[in-house]
Every structure is written in structure tokens, then in C-alpha cells.
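Trainee: Pasting in a structure now, in C-alpha cells, and then I'll have a few things to ask.
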Amino acid sequence: MSFVTHMHLALEEARAAAWRGEVPVGAAVIGPDGRLLCSAGNRTRELCDPSAHAEMLAIRAACAALGTERLIGCDLYVTLEPCAACAGVIAAARIRRLYYGAADPKSGGVAQGARVFTHSQSHHAPEIYDGIGAEAAARLLRDFFAGLRGPR
Ligand SMILES: [Zn+2]
């Protein structure tokens, strides 16, 4: 069986977020049929909402589109390791597989920090695949923050 990655959809959203002046993180929810359900980029500044992370918005939109609070059989692609809050929502939504790009030593809550899915209070743990498209995701973030600091 060949592995089909949908990370390019999340990376496109991350690039679009950077254009909007948002920290470039993107996410895509893929349905059980392997087709894109919803994708989103970070919009915390635009929406004045600290929870408007890419994966949070993509999960909300996918749930709304399906008319359900659970995304059974759905996979999530995120360019950056989800934070603890998003990891909690990923568990609640019963995401089947989580694919993420760059590790996030500052705010990550999956492989470090809170390690949300390792606790018995986490009702569900997705299969996790990290490092998918990590280099491109990390480069977007690096370029974005370098741009904020201005030319040297
Ligand atoms: Zn988050």
C-alpha cells in the first residue's frame, strides 16, 4: 500500500496564514474516503481569539460540515506539533491519525510538554506520525519570525 500525504494542503494554508500576517501554521482534515473535508490556517490575530489555531479551526469546520462533534475515521494534517489545547480537541474529536510537521519545543503538547495523549484522562489517542514535511513547515516559521525582526 502506498502512503499518500496530504501535508501539502496544510502547508498551503500555512503559507496563506503568513500572507495574512499570522503565524504560519496550517491544517487539513481528510475524511474517511481520503478526500479533503476542511482546511484552515492560523487566525488568532484576525479573530482576536487565542484558540483560533489552524487545527482547531479545521476541526470545527469539519464537524460543522458533517453535523457531528466526532470525526470518526478522519485524519488531521498539521504543519506544526499541536499545542495542549488542540491535542485535547483532537482527542475529543476522535481523530484517527494525526500527521504533523515540525516539532514545537515552545508550545507543543504531543511529543513534549503536556504530552496530552499519554494520560489516562485522554479519552482517545490518534495514531501519530511526526516529521511529515517538517522542513518546509519549519522554514515557513523561521522566515516569518525573521521577517518580524526586520532586515539585519
Ligand atoms: Zn493549538
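Backbone N, Cα and C atoms are what each Cβ position is placed from, and that goes for glycine too.
Bear in mind that TrEMBL entries carry predicted annotations, made automatically and left uncurated.
Sharing the features that TrEMBL gives for it:
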| type | residues | note |
| --- | --- | --- |
| DOMAIN | 1-111 | domain 'CMP/dCMP-type deaminase' |
| BINDING | H53, C83, C86 | Zn(2+) binding site |
| ACT_SITE | E55 | active site, proton donor |
Trainee: Along the domain 'CMP/dCMP-type deaminase' (1-111), what average pLDDT does this model show?
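Mentor: The average pLDDT of the model in the domain 'CMP/dCMP-type deaminase' (1-111) works out to 96.
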Trainee: Just the number: how many Å between the Cα atoms of C86 (Zn(2+) binding site) and E55 (active site, proton donor)?
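Mentor: Cα-Cα distance, C86 (Zn(2+) binding site) to E55 (active site, proton donor): 7 Å.
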Trainee: As a quick check of your reading of DSSP, tell me how many residues in the domain 'CMP/dCMP-type deaminase' (1-111) are helical, how many are strand and how many are coil.
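Mentor: For that range the per-state counts are 35 helix, 25 strand, 51 coil.
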Trainee: Residues with Cβ closer than 8 Å to the Cβ of the residue listed as 'active site, proton donor', same chain and 6+ apart in sequence?
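Mentor: Residues satisfying the criterion: A27, A40, L76, V78, P82, C86, V89, I90.
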Trainee: Within 8 Å of the centroid of the Cβ atoms of H53, C83, C86, which other residues of that chain place their own Cβ, given that this set defines the recorded Zn(2+) site?
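Mentor: Result: S51, A54, E55, M56, P82, A84, A85, A87, V89, S107, G109.
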Trainee: Sort out the sequence-distant neighbours of C83 (Zn(2+) binding site) for me: same chain, 6+ apart, CB within less than 8 Å of its CB, listed by position.
Mentor: H53, D104, S107, G108, G109, G113
